[in-house]
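See below for the structure under consideration.
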Amino acid sequence: MFRNYFKIAFRNLIRRKTYSLLNIAGLAIGIASCLLLFMVIRYELSYDKFQPNFNRIYHVVTEDKNSEGIDYTPGVPFPALDAFRTDFPQVKTGALFSLYGSQVTVLNNGKAVAEDKKFIEENGMCFCDPVFFEVFNFNWLAGNKEVLAQPNMVVLTQKMAEKYFGDWHTAIGQSVKLDNTITLKVAGILSNPPANTDFPLGLVASFITMKNNPSVYYYTTDWGSTTSSFQVFMLLPEKVSAASINAQLKKFSLKHYQKSDPSRYRLNYLHPIAENHFDTRFGNLGDHVTSKPTLITLSFIGVLIIIMACINFVNLSTALAIGRSKEVGVRKVLGSDRKQLIGQMMSETAFIVIVSALVAVLIAWLILPYLKHVVSLPEQLSLFSGINFLFLLIIITVVTILSGFYPSLILSGFQPVLALKSKLTTTTIGGISLRRGLVVLQFAMSQILVVATIVAVSQMNYIRTADLGFNKEAILVLKGNSDSASVARQKSFKEELLSIPGVKAVSFSTDVPSSENNWGTNFAYDHRPDEKFPLFLKFGDLDYVRTYGLQLVAGRGYFQSDTINEVLVNETLMNKMGVKNAQDMIGKEIRLGGQPWKQIVGVVKDFKTNSLRETVKPLLIAANSKFYSVTSIKLLTNNLSKAQKNIEKSWNKFYPEYAYSGSYMDESIAHFYQQEEQLAVLYKIFAGLALFISCLGLYGLVSFMAVQKTKEVGIRKVLGASVANIIYLFSKEFTILIAIAFFIAAPTAYYIMNNWLSNFAYRISIGVGVFALAIVLSILIAWITVGYKALKAAVANPVKSLRTE
Amino acid sequence: MIKLKDISKWYSNGSAKAHILRHIDLEIKEGEFASIMGPSGSGKSTLLHIMGMIDDPSEGEYSFEGESVFTLKEKQRSELYKKHIGFVFQAYHLIDELTVYENIETPLLYHKISSSERKAMVADILDRFQIVGKKDLFPEQLSGGQQQLVGIARAVITKPKLILADEPTGNLNSKQGEEIMDLFTRLNKEDGVTIVQVTHSEKNASYGSRIINLLDGKIA
């Protein structure tokens, strides 16, 4: 029986090539998109699940309520670690202090080797004590966690050991120097962690090393300062609930934090590491955070695409049903009951869906290597796995039911007498309004995606070209260290740099104008008590303003100094202080922490202190040379690469012990928005696909309509209708349907995209233009789709078309 | 075998009723070869469809082999019909997507007959109708007479007691028509199959044992 069904299905497929192609193309694209999205989402959800204690590990995070609102930070003060261990003896508490952009120098018998043996480790460098490895499970190839109880010890992953020493077996006992200050002995080797982890360890130095060198990494026993680099993780025993620990943490927070600073309300609580990969408030140590709304949006898009493909199928099959009425009539007369007919139609649908799924797998296989360009994937995913196969089976089943059920209900319901007499017409079998409804739904979905795409793309363009308030073009940023030996060399380094042709200006500073760094402090203004919000700091020499083209709205820049002497503030601070006229700020005094009062000499026009997702922060700029670690070099744009080469040479001359790492300011700013950029690309792809699938369906319907209307067109032409009249006849209905779809799509898209835009502090407003563009685009595309078939029908010779009757 | 009592059928057209059949009383005995004749629109085909249980009258009673058809449930009716009735159409109504062999095999699938038995039955009938050489052709590759031959083969393969034929020779030339009528006669005489045919042709009607004349939905 089934063989017979499949045989007919196959012959039908061959016979109606165009429709089969349209159906299979739509379904295959839909299934392939779903499959790829499924793989990406599953991968994102798999982060750190390989940890055997995944469900019992919690990150201790801090909620900091102040007058500005609530700040969330992933870190805790250093002394909290020992306090946790004392107050929570039943819990294993591991800690990790991470470093970014540290330099590792591979030593040869205690001496630095050739200059290529210096490495800048952007991430993966951290300090841990043995308990961390009781909380998290890592595989030791050599050594064990106890080595981290001793000072000046480091453990490397296999990959790092091979990078530094060639063969990890020879690494044990060798030494590396960290940031040119601390020498560490390699005491253990870890096997490489999987790629889907937010704890991408590379080098793990013993925590006691850091404690023993408090000045190097600012280790402090002060309860008042919190760094996001110091993070604490708790492994709860089997039967202890997070709620009970949270209750204790509340008491703990009151006891320790209120005492140190009663003006702030700080609270520690447990945050499951299952959330680690998704919570943008806390971030993670890996290379990206994927917000849950992004995952939901992607799943939603996947569902939309597959529904659209199913709609095509339903539309085409019900339209084609008339052509099959004879077959159904005959089968009924030959004794088939309705159930058997439904069975037959469903197996035909299943056949087409299975063929489409096979094509989809091929598409997915071809696309997979390019996937990493649009989503953050640290490794290539494998297509052929059991879970993907299962997902494909589920998709096949669901799609078969969604697309096959309604058409088979329609077909199997034919009255045999009517069916055999060919008395069935589009109107008698009904479903026209349903088909129209489906077309409307389909176009509504694609218009939503089109609007979303236009908005997302314009927002990204807006950000890319936004006036940050400073000049980011052709500025090379070199990251160094702010130890006294480095700072001492800065003056002559600057002189040499300025002598290089193409260098316009050079400035040393703690930070670039726009970055993800937040260095803040409490402060007082104009001899008033301390303000309730923090003031953010960027220190730079007197060329800072000139190098970045910052604009002064009042006063002047500060004079040459090595310590904070005169200061600049930004307009945001001025506004917060309630000052209307910038001139009124000049001469006022400001006090940072417990330091002496300093005079404000100028007000800078606001520039974006952080990413455009955040608002501009109140800021102070002043000289303070002992913290300068960043060198910013403004270049002439005509010969960048030559200048850059000379700069590198000069760097290596002045700082032979430091690896050179130069990057352009505009590139690092672009990196802020990587996630949004990727999302915008994804939107573009999916909106294109959605439009394409809707057009496939439309094309199918119009081809069908052209056949149906052959006679009508013939008669009309005999009666004197022009080609234009006929084309109008065809496009009228679809234009109306698309217009209706627009009224559904416009408000929905507006709502969704307004939400998305609210992630940005600086954003475009959604204008009428976006919607106009969306509807014009979809009507235009629909017309092009309809046009060909309509034109063909319109120019056909009426004598010929009438003779077929 | 068939007893129709007071069968009427009409379509409501607004307030007016358009009558197709009026108060038909008719009995067909087992082994009969009856021809229904009458002008276009006299209700011949409708009467045949009602006998074949693929159309329902507006009122009246129908008993088939002593079973009251209209009181049966859909499923039982379908069983009854599947077991005893074969249909032959003017336009042959073969399934275009299936070969001759598969077309003939199709009713057997709905009778849930095993694969090996199906093979034997189809081979047998192909042989009997002398169309073995055509078994892998599709309907469109056959002449009208051949298609109708296949249509009849398909109707008789389930060994029905009753064959209902709706102008079986209407689309055929006279020579092809004669062959088909000869075939019906043989089926009736040799296999004892009851045949009811609708026809316009006096000549075709003469093959049968009885003529029922319909005029304006009434038996004349």
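Please read every residue number as a count from 1 along the shown chain.
Heads up, the Cβ atoms here are built off N, Cα and C, so glycines get one too.
Residues annotated as domain 'MacB-like periplasmic core' in TrEMBL: A:20-251.
What TrEMBL lists as transmembrane segment is A:21-41 (among others). Long-range Cβ contacts of the transmembrane segment (A:21-41) within its own chain (Cβ-Cβ under 8 Å, at least 6 residues beyond either end) map to 295, 298-299, 301-303, 305-306, 308-310, 312-313, 316, 352-353, 355-357, 359-361, 363-364, 367-368, 371, 375, 377, 381, 383, 388, 391-392, 395-396, 399, 403, 686, 689, 692-693, 696-697, 699-700.
Sequence annotations record features per position, and here TrEMBL assigns transmembrane segment to A:298-322 (among others).
Per TrEMBL, the feature domain 'ABC3 transporter permease C-terminal' maps to A:300-415 (among others).
Annotated transmembrane segment per TrEMBL: A:349-371 (among others), in sequence order.
Summarising the annotation, TrEMBL assigns transmembrane segment to A:383-406 (among others).
Sequence annotations record features per position, and here TrEMBL assigns transmembrane segment to A:438-457 (among others). A Cβ distance under 8 Å defines the sequence-distant neighbours of the transmembrane segment (A:438-457), meaning residues of its chain 6+ beyond its ends; these are 301, 304, 307-308, 311-312, 314-315, 676, 679-680, 683-684, 686-687, 690-691, 693-694, 697-698, 701, 734, 737-738, 740-742, 744-746, 748-750, 752-753, 756-757, 764, 766, 770-771, 773-775, 777-778, 782.
Residues of the same chain lying 6 or more positions beyond the ends of the transmembrane segment (A:681-702) and with a Cβ under 8 Å from any Cβ of it are 18-19, 22-23, 25-26, 29-30, 33, 298, 301, 304-305, 308-309, 311-312, 315-316, 319, 373-375, 435, 439, 442-443, 445-446, 449-450, 452-453, 456-457, 730, 734, 777-778, 781-782, 785-786, 789-790. Summarising the annotation, TrEMBL assigns transmembrane segment to A:681-702 (among others).
Here TrEMBL flags A:685-797 (among others) as domain 'ABC3 transporter permease C-terminal'.
Taken from TrEMBL, the feature transmembrane segment covers A:736-753 (among others). Long-range contacts of the transmembrane segment (A:736-753) within its own chain (CB-CB distance under 8 A, at least 6 residues past either end) are made by residues 436, 439-445, 447-448, 451-452, 455-456, 766, 771, 774-775, 778-779, 782.
Per TrEMBL, the feature transmembrane segment maps to A:760-784 (among others).
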Remote residues contacting the transmembrane segment (A:298-322) - C-beta distance under 8 A, at least 6 residues beyond either end: 16, 19, 22-23, 26-27, 29-31, 33-34, 37-38, 40-41, 349, 352, 395, 399, 402-404, 406-407, 410-411, 424-426, 429, 431, 434-435, 438-439, 441-442, 445-446, 449, 682, 686, 689-690, 693-694, 696-697, 700-701, 704
For the domain 'ABC3 transporter permease C-terminal' (A:300-415), the number of residues DSSP places in helix, strand and coil: 97 helix, 0 strand, 19 coil
DSSP residue counts for the domain 'ABC3 transporter permease C-terminal' (A:685-797), split into helix, strand and coil: 96 helix, 0 strand, 17 coil
